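Here's the structure, in structure tokens; my notes come after.
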Amino acid sequence: MLLNELLKAIQPVQVTGDSRIEITGVNIDSRLVEAGQLFMAMRGTQTDGHAYIPAAIQKGATAILCEDIPEEPVAGITYIQVKDSEDAVGKIATTFYGNPTSQFELVGVTGTNGKTTIATLLYNTFRYFGYKVGLISTVCNYIDDQPIPTEHTTPDPITLNRLLGQMADEGCKYVFMEVSSHSIAQKRISGLKFAGGIFTNLTRDHLDYHKTVENYLKAKKKFFDDMPKNAFSLTNLDDKNGLVMTQNTRSKVYTYSLRSLSDFKGRVIESHFEGMLLDFNNHELAVQFIGKFNASNLLAVFGAAVLLGKKEEDVLLALSTLHPVAGRFDAIRSPKGVTAIVDYAHTPDALVNVLNAIHGVLEGKGKVITVVGAGGNRDKGKRPIMAKEAAKASDRVIITSDNPRFEEPQEIINDMLAGLDAEDMKKTLSIADRKEAIRTACMLAEKGDVILVAGKGHENYQEIKGVKHHFDDKEVLKEIFN
């Protein structure tokens with residue numbers, strides 16, 4: 001593609017050199033640059049791409065997009081100066097890959113909890129309807145039934161647009177995507193055209209990056225502020241920030257709720273460990289999911305599918321066939337009648353939701369034993385809160401390691417224990433080895449009890465000192481049970 005065609009997507013401050021050159025590819029990683037490519041220098045949280053301009057030129061880059069043109073420009077290289085390289089990168093990438101989001105309906109899901117479940121269930125629902133569908137999520141990316149491994153909730157703009165381009169080439173008609181607060185703040189979704197957006201809820205998370213809940217809220221809200229006029233914004237009225245999210249959007253606003261009058265109204269009629277009986281807009285349906293939070297997730301899926309043009313009755317039929325997402329309230333039964341639940345709950349609110357769901361089914365007929373940790377090099381403020389919430393709603397608590405990353409596991413555990421009082425401590429153990437912690441919970445459990453293993457869910461690794469070691473909560477439980 002000619003450089004001057006690419007530049008139509010942005011408003012450069014200035015261009016020095018030839019803008020009619022052929023660009024063979026676009027890159028933000030100097031190590032991956034090939035001959036004839038455009039290298040785009042971004043200022044990241046860890047490094048500044050401007051420092052790698054010489055390396056990119058050495059690798060064969062013929063054009064450089066940057067905020068500051070080097071003091072000694074290299075002859076024969078075209079320099080494009082922009083005010084905001086973060087914003088420009090997404091727009092350039094989407095243009096280079098043929099504006100893929102104009103070729104299908106793209107729906108983004110944002111919020112603290114429920115993103116993966118809602119995006120994945122929408123993907124499964126529209127595959128049930130017979131469409132070719134794409135999914136971009138924390139667990140895995142899919143182009144129809146072909147899995148593509150994932151590193152972040154939302155990939156960098158180049159990877160993201162390349163993936164969306166593949167989805168368009170493969171004939172996907174719908175794409176469902178988790179949209180993280182990081183990706184909104186870092187403009188990774190700049191240039192994408194959304195057909196709709198869904199807001200789930202907002203509770204404490206990622207404060208290691210956003211610093212304050214207000215900044216975190218602003219990042220989420222920006223997604224809806226930028227939503228186009230002909231798109232829909234579907235927001236959760238049961239969250240106090242539900243209407244805040246959509247107050248400045250140009251899109252059409254719709255609401256869903258389990259508590260209030262809304263466009264999509266739901267309620268739980270019955271709940272047990274095999275599933276729930278629900279009422280959505282005065283239609284009854286039986287589903288294989290547990291917990292109010294899952295009823296809310298399914299209601300969002302129902303609403304979005306209807307807003308994408310499907311009949312309510314057809315959507316309800318599709319929902320009744322769906323299975324829970326990997327690592328999300330994943331139940332395993334032991335031969336002696338103990339139920340273990342593996343769940344990704346890694347925020348205080350998610351933990352409360354899962355524990356409430358367990359108590360809603362148990363109705364006081366069994367003990368709850370919770371195994372929980374907290375991630376290293378992440379928001380330390382939530383650690384004592386996680387432990388306190390676990391203690392409040394459990395008969396026994398075992399504080400253990402999650403992904404310690406570059407921190408000492410015992411120090412993370414100590415941060416968590418600081419949230420407990422003397423009464424809580426009587427029912428709490430701390431075991432740094434996660435496998436031993438799970439084994440201990442299994443030894444303590446009797447027939448009719450429930451063990452919650454929280455925090456890692458679908459993850460099949462434990463990250464220690466920069467190395468990912470194989471570790472799967474579900475595998476460990478099955479091994480102990482059998």
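Placed from the backbone N, Cα and C atoms, the Cβ positions cover glycine too.
Annotation for Gly111 (ATP binding site): spatial neighbours Ile198, Phe199, Thr200, Asn201, Leu202, Lys220, Asn236, Asp239, criterion Cβ-Cβ under 8 Å with sequence separation of six or more. The ATP binding site annotation in Swiss-Prot covers Gly111, Thr112, Asn113, Gly114, Lys115, Thr116, Thr117.
Marked as meso-2,6-diaminopimelate binding site by Swiss-Prot: Arg378, Asp402, Asn403, Pro404, Arg405, Gly455, Glu459. When other Cβ atoms within 10 Å of the Cβ of Asp402 (meso-2,6-diaminopimelate binding site) are tallied across all protein chains shown, the result is 23.
Secondary structure from DSSP puts Lys220 (N6-carboxylysine) in a helix. Under the heading N6-carboxylysine, Swiss-Prot lists Lys220.
According to Swiss-Prot, the feature motif 'Meso-diaminopimelate recognition motif' maps to 402-405. With a threshold of 8 Å between CB atoms, the same-chain residues lying at least 6 positions outside the motif 'Meso-diaminopimelate recognition motif' (402-405) that come near it are 346, 372-378, 412, 434, 455-456, 459, 461-466.
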**Request:** Sort the binding-site residues Arg378, Asn403, Gly455, Glu459 by C-alpha distance from Asn113 (ATP binding site) and give me just the closest.
**Result:** Gly455
**Complete:** Least surrounded, by Cβ count within 10 Å, of the binding-site residues Thr112, Asn113, Thr116, Thr117, Asn403 is Thr112
**Item:** Proximal but sequence-remote residues of the same chain as Glu459 (meso-2,6-diaminopimelate binding site) (Cβ under 8 Å, at least 6 apart)
**Value:** Gly327, Tyr344, Asn403, Phe471, Asp472, Asp473
**Asked** Which whole-number mean pLDDT does the model give the motif 'Meso-diaminopimelate recognition motif' (402-405)?
**Response** 96
**Request:** Measure from the Cα of Lys115 (ATP binding site) to the Cα of every one of the binding-site residues Arg378, Asp402, Arg405, Gly455, then give the nearest.
**Result:** Gly455
